[in-house]
Amino acid sequence: MSIQLPPLFESRMQRWLGGEYENFIASYERSRYAGIRVNTLKIGLEDFAAISPFELKPIPWCETGFYVDENERPGKHPYYHTGLYYIQEPSAMEPVEALRPEPGDRVLDLCAAPGGKSTQIAAKLGGRGVLVTNDISAERTKALAKNIEMSGVRNAVVLNETPERIAEKFPAYFDKILVDAPCSGEGMFRKDPDAVRQWEKHSVEVCTVMQRDILDTVASMLAPGGRIVYSTCTFAPEENEAMIALFLARHPDFVVGELPHSPLFAPGRPEWVAGLVESGGGLSPLLHEAAEGEEPLLSRPEPLAQTARAARIWPHLAEGEGHFVCVLEHTGERAARDEAAAGSAPGPVIGAGESLPAAEAGGRQGGGPKAGGRREGRGAALPRREDKSARQARGRNKDAYIREEASEDTVRRACLQFLAAHVTVPIYGTLLISGDYAYACPVEPHRLHGLKVRRSGFQLGMVKSGGRFVPSNALAAALLPSESARTLDLSSAQQEAVSYLKGETLTLDAERIRCAEGTDAKGYVLVSIDGYSAGWGKWAAGVLKNEYPAGWRWNG
Ligand SMILES: C[S@@+](CC[C@H](N)C(=O)[O-])C[C@H]1O[C@@H](n2cnc3c(N)ncnc32)[C@H](O)[C@@H]1O
C-alpha cells in the first residue's frame, strides 16, 4: 500500500471492523472516485446529458451527481467556467440530499467553504428562499463566494463569522441547517495524503470540542420543526455517534431522523461508543462528560441507540470516500410562514421593463435629464470619498453599512439605471449598498448589521470613480442570455471561447451581438458559451473589451 496510515488509526479500525477490516484496508489500493454535480440552476439534467463532454455514470445517492474519469480534467472545460457543474467528491453529495432543502426554505450552511454543499443547496432552492452560507476562515470564504457566484446563485449571503455571532442575529430563523463539521478527516486519507500528515492523536480530541460547541449553537437558530444535518468525513466514533448522542442528551426536543438510505450505506455504530465509554478509553474526554456525581451522559442507552439511524459511507462498500451523515429533527410544530407579511420576502429591486422613479431616471439609456437637472454617468457628480472617521468606524468590516449618504445614493442610482438598461427581468431582493457595491439582499438587512459579511447578497456591481457602474460577474453568471439586453454567444468548439475565458480582447463585428429592441451593440454585452452565460464584455468599434474577472480566468 502506497499510503502510510497512522498506526493508531489502523489499530482502532482493525478492532472495530474485525472481519471487515481486510476489505476496508484493501480499498486504499484502489484509486479515488471523481465526481461532478450538475448545476440545475444553469442547466437541466437532460440538457446536460445531451452536451456532456464526459462519459457520465450516475452516483446512486444523488440524482444530479455523476462519476467521471479524473483524467478527463473536468476543471479544464469551458462548461466548468459557465457553472454547468461543480467538481465534488461523490460521498460529499449525500449530506445535502439528507437535508432535503426545498424552494422557499431558509437554509444555513455553517461550515461551508469552499462551497460544494452550498452550491448543491442553492440548486435545490432553485432561486427561492434564502441561503446563508458561512465559514470561520476568512481566506476560505473567498473561494466560497467565487463558487456561489460562478454557479449563478441569486439568493445567498456569504458570512465569515463564528456560529455564536450568527445565532445572535438569526434566532429560530432557519428551516434547515447543515453542519459539515471540521473533523479529523480520516475518510479523506485515500483522496488526500495531506489529511494523513495532519492526523495525530489529538486531532480527534480537538475536533470533538469544536463539534460539540458548534452543534449546541446551531440548535438555537433552527425554527420549530426544522432539520439539522450533521456530517463529517471521518470514521472516529468520538466525532460521529458520540457527538450526536451528546447533543440528544442535552437537547431532548430533537430526535434522529430517517435518512433516504442508499442500500450502499451502512448504519451508525452506537456500540463502538458504548465500548469506549465502558472501557474509559477513546480519544476525547467528552466521551466521559458527566454532571458531578452522575453517570456519563453517553452511558444513557436511549440517545445513543438512535445513532444507529445515521449513515456511514465506507470506501469498501460504496464508490466514494468515508463519510458520516446524521439527520436531527426538531420535534416542535413547523409553523406556516407568511413571508410577505413578515417582510422577509423582498420584492424586486427593479422589475422587468419597469420605469425608474423620476428621481432615479437620469442616466438611463436614451433618457433625458433627470428631475433636478443633474445627469448620472459621465459628467455626473463624483461620489464623495469616504472620510477617515467613517473608514475607522467601519473598522475591520469592509462590508459594513456606514457610508456617506451621497455616495450611497450614487451607487443606488447607478445600479438601478444599469439594471433598467441592461437586464430584462426583475431581480429580487432588498437593494443594499455596502461600500461601493450594490447587492440584492435576500434577508432583512438589519440581520447583517455588525456581522463580518463577505457578500451581503447577490452582488450586482460597483461604482468606480466618476460614478461609472461596473456590473459584477456574479450578475452575468446568474443571468440567462435572454435576460440581458445584449448578448454574444461563443462556441466551445472554437478557440474564441477559451480566449475569452483567459481574459483576452476579442475582435468582432457588431452583427454578432444580439441586441434587444431599441438597443445597439455598443456597451456591456453578456458573453455566453454554447448558450450558457459566463461573464461580461464591453463592445465598441469592433472590439470586445474583456471584463471576465482575473480570479475566474482559465489558467494555462
Ligand atoms: C469539511 S470543511 C467544509 C467543506 C464544505 N462544506 C464543502 O462542502 O465544500 C469544514 C469547514 O469548517 C470550517 N470551520 C471550522 N470551524 C468552524 C466554526 N467554528 N464555524 C464555522 N466554520 C468552521 C473550516 O474553515 C472548513 O472550511
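Numbers run from 1 along the shown chain.
Positions of Cβ are set from backbone N, Cα and C atoms, glycine also.
Residues annotated as S-adenosyl-L-methionine binding site in TrEMBL: Cys111, Ala112, Ala113, Pro114, Gly115, Gly116, Lys117, Asp135, Asp180. In the three-state DSSP scheme, Gly115 (S-adenosyl-L-methionine binding site) is classed as coil.
Taken from TrEMBL, the feature compositional bias 'Basic and acidic residues' covers 373-401.
If you look up TrEMBL, you'll see 24-331 marked as domain 'SAM-dependent MTase RsmB/NOP-type'.
Marked as region 'Disordered' by TrEMBL: 337-401.
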What is the Cβ neighbour count of Asp180 (S-adenosyl-L-methionine binding site) at a 10 Å cut-off, with all protein chains included?
-> 23
The domain 'SAM-dependent MTase RsmB/NOP-type' (24-331) [mean pLDDT, rounded to integer] | 96
Fewest other Cβ within 10 angstroms of its own Cβ, chosen from the binding-site residues Cys111, Ala113 = Cys111
Starting from the Cβ centroid of Cys111, Ala112, Ala113, Pro114, Gly115, Gly116, Lys117, Asp135, Asp180, which together make up the recorded S-adenosyl-L-methionine site, report each further residue of the same chain whose Cβ lies within 8 Å of that point, ordered by sequence.
-> Asp109, Ser118, Thr133, Arg140, Leu144
Do any residues at least six apart in sequence from Lys117 (S-adenosyl-L-methionine binding site), in the same chain, have a Cβ closer than 8 Å to its Cβ, and if so which, in order?
-> Ala92, Pro95, Val96, Asp109, Leu178, Asp180
Around the Cβ of Gly115 (S-adenosyl-L-methionine binding site), other Cβ atoms found within 10 Å total 29
